[in-house]
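Here's what Swiss-Prot has on this protein:
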TRANSMEM  1-32  transmembrane segment
TOPO_DOM  33-242  topological domain 'Periplasmic'
REGION    55-166  region 'Disordered'
COMPBIAS  69-79  compositional bias 'Acidic residues'
REGION    70-83  region '7 X 2 AA approximate tandem repeats of E-P'
REGION    93-106  region '7 X 2 AA approximate tandem repeats of K-P'
COMPBIAS  96-107  compositional bias 'Basic residues'
COMPBIAS  108-119  compositional bias 'Basic and acidic residues'
DOMAIN    151-242  domain 'TonB C-terminal'
């Protein structure tokens, strides 16, 4: 024979049941004691007509304006009297002294000297020893009056000498020039050892002179050294060889 023991409920379940029961009891209590307020009966509405002039606020009374006090005019300053102008002092210029008249120079009287009478010389009697033949000049006098013969050096004869070309820069600037050149002539008649001795103006005509002299030709078989020529450039575009 077995006995049935009552089952034990877990404590979380009991706690939940207690909380719910408390909430239900509270709701019941508040619903019983709640007072229901009825709305008040409607009352009639009264309307009063008011004019807009009554609603305007009263204007503030402005105080009367204060009288404007005009400032007293300032006294005008008394004019300062100007000092009397002094009369300009006139300085009298001294009168120029009259220049003394130059005294006339005394004219020296030229005393005329008495002319001396020149008596003609009496003719001298011819001496028998004088020679009436004309005097011949001595040999020393003749040698002094005669000019010695100057020997003209014979150099190479030029066959063709082309004129140098006028530089375009000098022609544009309208500049004339002069170049002095020293050179040698070989036995074949060619020019070599060209040296510029002077050039006016410098660095203007030298290159054209050297280029032209390379084409010069002289007579073969007659060499020469230290020959000097002057080349003058004119504004008309020509060159003169001296």
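Even glycines carry a Cβ here, placed using N, Cα and C.
Keep in mind that this is a model prediction, so the values were computed, not measured.
Summed and averaged per residue, pLDDT over the topological domain 'Periplasmic' (33-242) gives 73. In terms of DSSP helix, strand and coil, the domain 'TonB C-terminal' (151-242) has 14 helix, 38 strand, 40 coil. The residues of the compositional bias 'Acidic residues' (69-79), classed with DSSP into helix (H, G, I), strand (E, B) and coil, number 0 helix, 0 strand, 11 coil.
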